[in-house]
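Enquirer: One structure, as structure tokens, below. Some questions next.
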Amino acid sequence: MSLLKMEYNLYAELKKMTCGQPLSLFNEDGDFVEVEPGSSFKFLIPKGFYASPSVKTSLVFETLTTTDNKITSINPTNAPKLYPLQRKVVSEVVSNMRKMIESKRPLYITLHLACGFGKTITTCYLMATHGRKTVICVPNKMLIHQWKTQVEAVGLEHKISIDGVSSLLKELKTQSPDVLIVVSRHLTNDAFCKYINKHYDLFILDESHTYNLMNNTAVTRFLAYYPPMMCYFLTATPRPSNRIYCNSIINIAKLSDLKKTIYAVDSFFEPYSTDNIRHMIKRLDGPSNKYHIYTEKLLSVDEPRNQLILNTLVEEFKSGTINRILVITKLREHMVFFYKRLLDFFGSEVVFIGDAQNRRTPDMVKSIKELNRFIFVSTLFYSGTGLDIPSLDSLFICSAVINNMQIEQLLGRVCRETELLDRTVYVFPSTSIKEIKYMIGNFVQRIISLSVDKLGFKQKSYRKHQESDPTSVCTTSSREERVLNRIFNSQNR
């Protein structure tokens, strides 16, 4: 730990990483506060900040020669086979770490690798290469399985803990496995933090973008007060301010053969309203809609739009154009709505729900990986990051209000490399609720723009559904005809 006065150059360097957002750190009294320029307080500067050679410092950091927490179960013959780009990442990491050791810098590296790159297997290779006892920290238990699979493939002795940290501490008194796979809430326990700081050298923070380290969280406190000897942040969408805690980044672009298409399924709707909708519209401009809660609630009860989504999905799935579908909503009630309606169409052998409130959901996710055809309905919170179903070939985004980081993570669910190359995303920019019409259009356009500009998708207009089902409740032509007749009649009165 380094308690330092906030001199101008140090403040400027730290503030630059927050991209204009408030800079918050622990002060000498242990309070997590916003740092003001010229402050007389001393602040705890994160160890990982000094990982970059561009940060000037006279501080000298420990190297791996000062510890003896080595893996005992390692077998070099079990090292996973890597693709050329993955081997390039390993080479870059090893080269950077040599330089860090020579200059006595902290061994902290952010692996900024695209969704579908294979961060888990690459990191397991690095873990085996280092041969140091490791803690793998995940934001939720849904990510445990993919780590368990890869750690077992490498042949490392491991322990998984997702529930009580107290019972884990008791077990650690008699055995100390080479690899601990835990959920991040374990870091709220100071005794556990002290234990892993002493007995484990490598700390892997998976999906690091899910943590805002400018907030006083368990992960923030751990990295500040119990900094590990070595640390990897893994992410496809780095959070800029988190660089203060891990200030060395390796980013290798991944070329892909995937054929990625995003369809904007547009339609003309007559205005739709109910008492419930009118009640929620009144809240759109109030403080209760600060995070667009009511915007998404309105979408969840937009019957014509929901019907368009269902019609499109049912027709595409029946035609065999798409086979392994992820349907994403923002709200749980919206998820349940689509699940029930799709269940009526296709039955429980095809339609599954990714419900955070169901403890059996992770087991269900494992089981559907082997299916050739399925529809998985879930929420952005539960399945938007880290969902491990590599075979997904299509994504229906039913919500609209999604930030750029969430968009990139969500689209990454269908960008995993498999033998099948076609990937399709469907977005729905239209709404029958006129008060949010332009807002929804703008939000959905942001999804389209990011997918095209950054992730290599090609945008195409979607007309198949409207042309193939002229009797549908969502048909464009019939609605346009009625409105045009109405306008014509009004002009000739």
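Each residue, glycine too, has its Cβ placed from N, Cα and C.
The domain 'Helicase ATP-binding' feature in Swiss-Prot is assigned to 100-256; the stated evidence is sequence analysis. Annotation source Swiss-Prot lists ATP binding site at L113, A114, C115, G116, F117, G118, K119, T120, citing sequence analysis. The motif 'DESH box' feature in Swiss-Prot is assigned to 206-209.
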Enquirer: Which residues of the same chain, at least 6 positions away in sequence, have a Cβ lying under 8 Å from the Cβ of L113 (ATP binding site)?
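Expert: In sequence order, the residues whose Cβ lies under 8 Å from that of L113 (ATP binding site) (at least 6 apart) are V89, K119, T122, L234, A236, N251, I252, K254.
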Enquirer: Please compute the mean pLDDT of the model over the motif 'DESH box' (206-209).
Expert: 95
Enquirer: By the DSSP assignment reduced to helix, strand and coil, which category contains T120 (ATP binding site)?
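Expert: Where T120 (ATP binding site) sits, the three-state DSSP reduction gives helix.
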Enquirer: Using DSSP, what is the helix/strand/coil residue split across the motif 'DESH box' (206-209)?
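Expert: Within the motif 'DESH box' (206-209) the tally stands at 2 helix, 0 strand, 2 coil.
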Enquirer: What same-chain residues, at least 6 away in sequence, bring their CB to under 8 Å of the CB of F117 (ATP binding site)?
Expert: L85, Q86, A236, K254
Enquirer: Long-range neighbours only, meaning 6 or more apart in sequence with Cβ under 8 Å: which ones does G118 (ATP binding site) have?
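Expert: Looking at Cβ-Cβ distances below 8 Å from G118 (ATP binding site), excluding near sequence neighbours, one finds L82, Y83, Q86, E417.
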